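Trainee: Handing you this structure, nothing more for now.
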Amino acid sequence: MKVAVLGAAGGIGQALALLLKTQLPSGSELSLYDIAPVTPGVAVDLSHIPTAVKIKGYSGEDAKPALAGADIVLISAGVARKPGMDRSDLFNVNAGIVRNLVEQIAITCPKACIGIITNPVNTTVAIAAEVLKKAGVYDKNKLFGVTTLDIIRSNTFVAELKGKQPQDINVPVIGGHSGVTILPLLSQVSGISFSEQEVADLTKRIQNAGTEVVEAKAGGGSATLSMGQAAARFGLSLVRALQGENGVVECAYVESDGKHARFFAQPILLGKDGVAERKDIGTLSAFEQNALSSMLDTLKQDIELGETFIK
């Protein structure tokens with residue numbers, strides 16, 4: 001199993017690479033790529049950690065040597081949010097970066113599963129899909145927007161509020177991966193009930209959690225460490241599913257049946273070929289139904305922005 005991390009010298013990429021080096025199954029290969037010249041050194045640094053994961057770093061304009069033979073590619077390359085920016089302000093820079101990297105994936109490892117971390121995810125996933133489609137290699141079951149950070153935040157915040165163990169909480173989060181498009185389905189958390197005020201407050205906190213980190217870091221960065229952990233969780237789940245483990249379910253932003261929007265975050269069953277099943281989002285509360293209806297225009301606009309960027 002070979003996993004490639006693109007953008008591996010950045011804050012998310014380094015955290016993700018560290019977690020993968022320590023947690024990938026023995027015998028796995030980890031390939032690190034970034035435009036920054038430090039990247040081979042990041043790989044050397046990580047290579048001293050005593051786990052049976054082979055690691056190599058690549059830098060420069062050409063990602064193809066890093067991508068050769070990859071089963072999974074995780075893309076965290078791009079610029080990070082600064083105070084006062086929202087995820088869509090990142091579009092102008094990050095759209096081109098994602099396009100360039102996915103064009104190289106289409107040539108080098110077209111059958112790989114691709115996890116997009118680079119924001120704005122609502123839009124960058126649509127860009128990736130259109131690039132792959134243009135190259136004639138698009139498989140909607142192998143392209144994912146990594147929204148796992150919304151899930152781990154939801155689990156953490158619910159556990160804090162209710163005095164529970166976070167590992168015992170599982171909040172499904174649907175929709176997209178920015179602002180109002182992030183919709184935690186708190187009504188589906190088993191064994192816990194919330195007041196209307198708690199639901200409103202938690203939903204808002206989960207939607208704005210990225211901004212909470214950006215502001216707390218006072219211009220020194222965005223959510224890199226928690227995002228690294230979230231991306232590692234998703235990547236490791238994908239590894240387990242590709243290796244034949246049954247019953248691996250994660251929420252992710254994938255091309256859906258189009259009922260809500262072309263791309264939609266929902267619980268998915270992972271399998272040997274990527275998405276095995278898009279699971280039903282279940283019954284929503286009135287609050288959730290209303291939030292879903294009112295976010296769809298925003299989500300569809302985000303998607304269209306990505307589609308037109310390529311077309």
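Glycine is no exception: its Cβ is also placed from the backbone N, Cα and C atoms.
Note that the structure is a prediction, hence the values are computed from the model and not measured.
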Trainee: Looking at NAD(+) binding as recorded in Swiss-Prot, which candidate out of Asn94, Asn141, Asn246 goes with Gly7, Ala8, Ala9, Gly10, Gly11, Ile12, Gly13, Asp34, Ile117, Thr118, Asn119, Met227?
Mentor: Asn94
Trainee: Restricting to the chain of Ala9 (NAD(+) binding site) and a gap of 6 or more, list residues whose Cβ falls under 8 Å of its Cβ, or answer none.
Mentor: Leu32, Asp34, Ile35, Ala36, Val38, Thr39, Val42, Ser59
Trainee: Could you measure the widest C-alpha to C-alpha distance across Gly7, Ala8, Ala9, Gly10, Gly11, Ile12, Gly13, Asp34, Asn94, Ile117, Thr118, Asn119, Met227, the residues recorded as binding NAD(+), and give it to a whole number of angstrom?
Mentor: 18
Trainee: Could you round the CA separation between Gly13 (NAD(+) binding site) and Asn119 (substrate binding site) to a whole angstrom and send it over?
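Mentor: Cα-Cα distance, Gly13 (NAD(+) binding site) to Asn119 (substrate binding site): 14 Å.
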Trainee: Counting other Cβ atoms within 10 Å, pick out the least crowded of the binding-site residues Asn94, Thr118, Asn119.
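Mentor: Counting other Cβ atoms within 10 Å of each of the binding-site residues Asn94, Thr118, Asn119 gives the minimum at Asn94.
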